[in-house]
Structures are given as structure tokens and as C-alpha cells.
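> Below you'll find the structure I mean.
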Amino acid sequence: MFKHEKQLLNGMQVKVERENPQYAVLMQEQLGGANGELKAAMQYLSQSFRVKDQALKDLFLDIGTEELSHMEIVAETINLLNGHSVNYEVVGVGEVESHVLSGLTPFLVNSSGEPWTANYVSVTGDIVADLLSNIASEQRAKVVYEYLYRQINDKEVRRTIDFLLNREEAHNALFREALNKVKNEGSNKDFGVTEDSKLYFDLSTPGRYVQDPNPTEPSFSNPRR
């Protein structure tokens, strides 16, 4: 069950220094993009349905729910940046849907105007694979927010981005902690138990491949030659 609280997450107040439709276009990436908030929410909530451990299930549900609140924050930021005047020319060659289709309403598209798709969502039913996917998702989302921060010269929007970026770091840390707790479960049960799984083929330099009757675990710092 979900309930909507009128107050934004953590008492957040979304503000902008001034209207800027181009900045709104950039922020659309984190609303309807492949590494955006809607994608994260749908991914974690969908994954939670097959998680048996109640503590981990709660983690997936809690973070997924928080991502929905992030989506609300991003959408409100876009709404303020778009202002009140419908004029596709102000976004140049950027995403024009909000000016010709949605009447400036934040739209479920990315910064190029491509619609959100469930193809962005990764669900395997394997707790280890899903956690690894989520760690990578949070890292990518952080990178996108860093790019946005560098390009958006609005201190209020930057404050919002900084908060969201830091929350991606928190989620990343939580998923990493969860991964440590299930390191011998799921697809990790028989991980690295055969000789083939311990080979590192040194294909980048001249010389023999790894051919050893007693292979050691792969190592990037000291490859067997």
C-alpha cells in the first residue's frame, strides 16, 4: 500500500532561481531516462516481489518507494524550470514534447524526447544478480547527476541535484551491504568452484595463454602468463 504525503521527502523544498526551459530538458533525463528515477523505482519494486528474506524485501521496497519521491522532486523541478509560456523555440533542438503535447507538464521522456520504456528495467529473480544490477544503476544515476550539476548554473537546482546525488550514494552503499550478506546465495552458490572459472587468459600481451594444471584465481594486478 502506498500513501502520498504532501510534504516532499526530508522536508525538501524545490526551488529555481529563474525559469529555464533548456535546464528543464536536461532534467528530463532523470525523470524518463534509462538511469532516471522512474526506472529505479520500477526496477526495485519489481525485484522485491521475488525476494524471500523479509529484511532484504523491505530494503528493496523502501528504496523503490524513495525513488518515487525522487521522481516527484525531479518533476517539480522541471515544472518550475518550464515556466508558463508554451514556446518550442526556447528549447532549440532539444525535447519539444512538453511544449507541443503536454502543455509544459513534466513528461515521461528523456532529454532527447524518447519515451520511457520498461526495457530500462532489469529483473532476474536472482538476489545476487539483481543487487549487482542495482549497485551499477545507482552508480550510473550518480554520474548523470554529476553531469547535470556541471551544466546547470542555477544554485537552487544544484542544491536539489546535490541532495539527489547524495541519496544515490546512500542507496549504493545499502545495496553493497546487502550483497555482502548474500555472497553465498543465488547465483553465487557455485561461483568460482571449477578450474575454468579460475583461469585468466592474458590476451593483451605477447606470450603463452594461461595453461596451468593448478590454475589460480583471476587477478588483474598479477596475471599468470
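Yeah, the Cβs are placed from backbone N, Cα and C, and that goes for glycine too.
As listed in Swiss-Prot for this protein:
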{"type": "BINDING", "residues": "Glu37, Glu67, His70", "note": "Mn(2+) 1 binding site"}
{"type": "BINDING", "residues": "Asp58, Asp62, Ser204", "note": "Ca(2+) binding site"}
{"type": "BINDING", "residues": "Glu67, Glu138, His171", "note": "Mn(2+) 2 binding site"}
{"type": "REGION", "residues": "204-225", "note": "region 'Disordered'"}
{"type": "COMPBIAS", "residues": "213-225", "note": "compositional bias 'Polar residues'"}
> In angstrom units, rounded to an integer, how far apart are the Cα atoms of Glu37 (Mn(2+) 1 binding site) and Asp58 (Ca(2+) binding site)?
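That separation, Cα to Cα, works out to 19 Å.
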> Taking the Cα atoms as reference points, how far is Glu138 (Mn(2+) 2 binding site) from Asp62 (Ca(2+) binding site) in Å?
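A Cα-Cα distance of 15 Å.
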> Take the mean position of the Cβ atoms of Glu37, Glu67, His70, the recorded Mn(2+) 1 site. Which other residues of that chain put their Cβ within 8 Å of it?
Gln30, Gly36, Leu38, Ala40, Ala41, Glu66, Leu68, Ser69, Met71, Ile73, Val74, Leu164
> Compute the centroid of the Cβ atoms of Glu67, Glu138, His171, then list the same-chain residues not in that set whose Cβ lies within 8 Å of it, in sequence order, for the Mn(2+) 2 site.
Ala40, Tyr44, Ile63, Glu66, Asn134, Ser137, Ala141, Arg167, Glu168, Ala170, Asn172, Phe175
> Cα of His171 (Mn(2+) 2 binding site) to Cα of Glu67 (Mn(2+) 1 binding site): how many Å, rounded?
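A Cα-Cα distance of 10 Å.
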> Between Asp62 (Ca(2+) binding site) and His70 (Mn(2+) 1 binding site), how far is it from one CA atom to the other, in Å?
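Asp62 (Ca(2+) binding site) to His70 (Mn(2+) 1 binding site), Cα-Cα distance: 12 Å.
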> Please list residues from the chain of His70 (Mn(2+) 1 binding site) whose Cβ is under 8 angstroms from its Cβ, counting only those at least six apart in sequence.
Leu9, Glu37, Ala40, Ala41, Leu164, Arg167
> Taking the Cβ of each of the binding-site residues and counting other Cβ atoms inside 10 Å, which one has the highest number: Asp58, Glu67?
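Of Asp58, Glu67, the one with the most crowded Cβ is Glu67.
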> Given Asp58 (Ca(2+) binding site) and Glu67 (Mn(2+) 1 binding site), what distance in Å do their CA atoms have, once rounded to a whole number?
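Distance (Cα to Cα, whole Å): 14 Å.
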> Quick one: of Glu37, Asp62, Glu138, which of the binding-site residues has the smallest count of other CB atoms within 10 A?
Asp62
